[in-house]
Amino acid sequence: MTDNLRLHGFNNLTSSLSFNIYDICYAKTEEQRKAYIDYIDELYNAERLTQILKDVTNIIGAHVLNISRQDYEPHGASVTILIAEHELDEHDPEHIEPGPGPLPQTVLGHLDKSHVTVHTYPESHPDNGISTFRLDIDVSTCGMISPLKALNYLIHSFDSDIVTTDYRVRGFTRDVDGRKLFIDHDITSIQDYLAEDTKRAYQMVDVNVYQENMFHTKMLLKDFDLDNYLFGSTRRDLTFEEARDIEDRLRKEMLEIFYSRNLD
């Protein structure tokens, strides 16, 4: 496929990139578990998530049209940003003169195709001390904007122990001869768009369905330092047996999330 495709009219392809990012920790006591949830809830509140999504919008070359954000009680946050490929012209008479405005289906159609969303899900196990934080991000674009440009930035913006990534292209556009194009760029794997340092840091598994333009990559952090997973304590506070038991439990938790199955 050539680098510069000559298209007939607007590029109607929709590209969607979805992330599930997990941060895992061990908090021994109920007080430590509550403190972890409060800490992660404050660290990734709606205000900070909004800034991260604004950065994503800038990275992929889009423009912010509207922002909706919310912090939830007792914990959790969500942000949705409506984006456009081209910045709205504030001097365009359509935007400054009184009028009925766009039809609802126009606005909703745009929202369905070009938006960035994030939701957070803190969680803890009441008995074994394991706490997890899941963050879901969706970047969906139409036109010439590619959400793949945001891959590395998003992975490094969070404490990403496990990352599940899905990328798909839907719809079709046409070249100047009227021939349908169901994808407008070369891709064999999401890994094609990851930086080398990211590839070195993670164990990765692909499940791709090329004929359907669906690409799936799972990522598990290779480096394991127990101190990075202890909340409210350090390895020096533990006996050898305690440290080994906690490490085994953490590794099991991470593998179960990575493979999406219980390993009992």
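Residue numbering: from 1, along the chain as shown.
In case you wondered, yes, glycine gets a Cβ from its N, Cα and C as well.
According to Swiss-Prot, the active site, schiff-base intermediate with substrate annotation covers SER114, on the basis of sequence analysis. A sphere of 10 angstroms centred on the C-beta of SER114 (active site, schiff-base intermediate with substrate) encloses 25 other C-beta atoms.
Positions annotated as pyruvic acid (Ser) by Swiss-Prot, on the basis of sequence analysis: SER114. Look at SER114 (active site, schiff-base intermediate with substrate): DSSP puts it in coil.
Annotation source Swiss-Prot lists active site, proton acceptor at HIS119. HIS119 (active site, proton acceptor) falls within a strand when secondary structure is assigned with DSSP. Every protein chain considered, the tally of other Cβ atoms within 10 Å of the Cβ of HIS119 (active site, proton acceptor) stands at 17.
The active site, proton donor annotation in Swiss-Prot covers CYS142 and rests on sequence analysis. According to DSSP, CYS142 (active site, proton donor) sits within a strand segment.
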Round to a whole number and give the Cα-to-Cα distance in Å for the pair SER114 (active site, schiff-base intermediate with substrate) and CYS142 (active site, proton donor). 6
Other CB atoms within 10 A, centred on CYS142 (active site, proton donor): 23
